[in-house]
Amino acid sequence: MQPPPSLCGLALLALVLACGMAEVWGEEREMPSAPATPPLLGASEILTPSTKTSWPRDSNASLPRSSAPAEIPKEGRTAGAPRRTPPPCQRPTEIKDTFKYINTVVSCLVFVLGIIGNSTLLRIIYKNKCMRNGPNILIASLALGDLLHIIIDIPINVYKLLAEDWPFGAEMCKLVPFIQKASVGITVLSLCALSIDRYRAVASWSRIKGIGVPKWTAVEIVLIWVVSVILAVPEAIGFNLVTIDYKGSYLRICLLNPTQKTAFMQFYKTAKDWWLFSFYFCLPLAITAFFYTLMTCEMLRKKSGMQIALNDHLKQRREVAKTVFCLVLVFGLCWLALHLSRILKLTLYDQNDPNRCELLSFLLVLDYIGINMASLNSCINPIALYLVSKRFKNCFKSCLCCWCQSFEEKQSLEEKQSCLKFKANDHGYDNFRSSNKYSSS
């Protein structure tokens, strides 16, 4: 029995990733931690030299890494070869407090909507047997990953932002980014598997969708979670709790340690931004574009009069394909700003440019917009399903209105009741006719 192409693709992808660069979301989901530390992107350039020396600039904060060598004086530097520091910014960026309030409000909104939406989505798929098919199980896997991120990471990040400290210890410092990266990996790989599954469903017109979880879909989900966890391991290794001296007080900061012990982790830290952009952003968009193009060509190639009996079945598959495309589109829009800010930092930022301060302010604002947009992705998938899919919309209404019975069960119950009423009326009419016959005779 030949495995489906989607499983083969995921297995090949897992092998390449495990043997190659086992990297994961380094900065994207933990980025709310950057503004929590007092030295900000623009403000750090007007700090005193003693403060700069104590602050580990080459960290996982929202500072361009390229600015670290020029900004931090090295103790081992010879006196005869001084290194000129770039001119400081005239004024700091005044966005820190504003970001605190905005990020707290957005995080609370994501927390409430995400728990309600994702838990409702999981309950719908669990309670309704007719909803337990391959695509919906992949959607449930995606919702479970988002739910883990919402419950564990968002409250810790909000507290860290408001308290400007990390009181949770070194173990949680490694666990929180690990869960964050695994959650993003589950989202990316689930969207790739959904796109491949939709092409297979449309290409095999005669394959009737059944109720239940296909065996290969279950294997795909296990593979998705295993690969996501493997890719998150470097974050648990690289992150550490660092104590810095800032204005006479000691702050504990959870960050990717600037000095990694192994050569692989040094390479991991250096190539992180490009890896994040290519795998965690471009890959799902490229796979969706490729397989949806093939799916469109396949649909146009089929004759219009072919298999008329399957018209309703094909309409359902097209609706599911539209739903998956909507999920991928929402993912791309939510993560575009944050990835754009990372790439601009790598390509445009010059530490010796006298006009770099304006670019720093722009990148900082773009970072903050991207942080909040990326946070919305954890709660927006159930909303997108509600707006796009009629079946999910009816199930959401049924579940959120606290109706214990599922939508399909209620619909079948109403049909049974109407049939019973019709039979009862028909039986009464037959009795009436027989009684009339009796009386007339």
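Glycine too: its Cβ is placed from the backbone N, Cα and C atoms.
Per Swiss-Prot, the residue annotated N-linked glycosylation site among N60, N118 is N60. Identical topological domain names are assigned in Swiss-Prot to E171 and E358, which places both on one side of the membrane. Checking the candidates C89, C108, C254 against Swiss-Prot, the cysteine paired with C173 through a disulfide bond is C254. Contact check: the transmembrane segment (362-388) against the transmembrane segment (101-125) gives at least three Cβ pairs closer than 8 Å, residues 6 or more apart, which meets the contact criterion. Taking pairs at least six residues apart, the transmembrane segment (175-196) and the transmembrane segment (324-349) share three or more Cβ pairs below 8 Å and count as touching. Counting Cβ pairs closer than 8 Å and at least 6 residues apart in sequence, the transmembrane segment (271-295) and the transmembrane segment (218-242) reach fewer than three and form no contact. Long-range contacts of the transmembrane segment (324-349) within its own chain (CB-CB distance under 8 A, at least 6 residues past either end) are made by residues 27-28, 31, 64-67, 135, 139, 142, 187, 191, 194-195, 198, 273-274, 276-277, 280-281, 284-285, 288, 292, 356, 359-360, 363, 366-367, 369-371, 373-374, 376-377, 380-381, 384-385, 388. For the topological domain 'Cytoplasmic' (296-323), the predicted model reports an average pLDDT of 67.
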